[in-house]
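Per Swiss-Prot, ATP binding site is recorded for GLY11, ARG72, CYS73, GLY102, ASP103, GLY104, SER105. Annotated ADP binding site per Swiss-Prot: ARG21, ALA22, VAL23, VAL24, ARG25, ARG154, GLY185, ALA186, GLU187, ARG211, LYS213, LYS214, HIS215, in sequence order. Residues or ranges marked as Mg(2+) binding site in Swiss-Prot: ASP103. What Swiss-Prot records for THR125, ILE126, ASP127, ARG162, MET169, GLY170, ARG171, GLU222, ARG243, HIS249, ILE250, GLN251, ARG252 is substrate binding site, and it gives sequence analysis as the kind of evidence. Positions annotated as active site, proton acceptor by Swiss-Prot: ASP127.
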Amino acid sequence: MKRIGVLTSGGDSPGMNAAVRAVVRKAIYHDVEVYGIYNGYSGLISGKIEKLEIGSVGDIIHRGGTKLYTARCPEFKTVEGREKGIANLKKYGIEGLVVIGGDGSYMGAKKLTEHGFPCVGVPGTIDNDIPGTDLTIGFDTALNTVIDAIDKIRDTATSHERTYVIEVMGRHAGDIALWSGLAGGAESILIPEADYDMEEIIARLKRGHERGKKHSIIIVAEGVGSGVEFGKRIEEATNLETRVSVLGHIQRGGSPTAADRVLASRLGAFAVELLLEGKGGRCVGIQNNQLVHHDIIEILEQKHTIDQSMYRLSQELSI
């Protein structure tokens, strides 16, 4: 294999640039040319493709977002769209592709694999919801962004003796809510993977108030429901002054943490190794700090699960 491509797709995550950098430099180290595909699968269809050199990925390892830009592309879900993409890959002589993104991006890589085109998926999403890997690129940075916000909100919550509901990202996965809630000392954590008892949450807040607690923090993953609505229900039921903070897209931005930069570098380079070994249709990950790879079709058939022991711990510590 003498020429590969790389693209970022779906929602951006801090560390994607570090992964792109690793792909480019690892490939060039092995005398393999690399072509960057801009705007994800949309750029693959439209032909927004250019050759990348070592200098093309200089000064990006510390930057959030993605140099290659990203987009969602419904057209790639059609046979016609994929045929256009494959035609462009052939036009540029690209023999293998590294796809950096979440499960939607993996689905595109799966479709290309079924067309006989070698692809390797690299998990890039703040949601940490890709099976087959302990961590995804961007999760640690997003987690630290949320914890920083929790700490600052707790300061003002204490000053005004208020309850705060903080809504974080996670439509289908509660990892950001669970990890940040545990690290931030939240009184309650609501995630999509677990049922919640509103009466118990209210009772817990009342018990805390009765023993002199001056403030409370509740973390709600967006997939559970509106943080604003939870705030209204809590204030009505407890008569405690309650405020809501929806963190939103700030969770996707920012300079990646050292952990994300290292993870992205390892996974990006490993993806290139697999392509050069002729192993397409795979996706990479890290488990117990060891690099691993799996069949991408099998991973897409699996469902992300929450760490139940961590969830139990969060409940035990929030009494």
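Glycine residues also receive a Cβ, built from the backbone N, Cα and C atoms like all the rest.
Geometry remark: HIS215 (ADP binding site) versus CYS73 (ATP binding site), CA distance 44 Å. Here the candidates are the binding-site residues ASP127, MET169, ILE250, and by Cα distance the one nearest GLU187 (ADP binding site) turns out to be MET169.
GLY104 (ATP binding site) carries a helical DSSP state (H, G or I). One way to see the shell of the ATP site is to take the Cβ centroid of GLY11, ARG72, CYS73, GLY102, ASP103, GLY104, SER105; the remaining same-chain residues with a Cβ within 8 Å of it are SER9, GLY10, GLY40, GLY101, MET107, GLY108. Cα to Cα, ASP103 (ATP binding site) and ARG25 (ADP binding site) are separated by 25 Å.
Taking a C-beta cut-off of under 8 angstroms and a sequence separation of 6 or more, GLY104 (ATP binding site) has the following same-chain neighbours: SER9, GLY10, ARG72. In the three-state DSSP assignment, the secondary structure recorded for MET169 (substrate binding site) is coil. The number of other CB atoms found within 10 A of the CB of SER105 (ATP binding site), across every protein chain shown, is 29. For LYS213 (ADP binding site), the number of other Cβ atoms no farther than 10 Å from its own Cβ, over all displayed protein chains, is 14.
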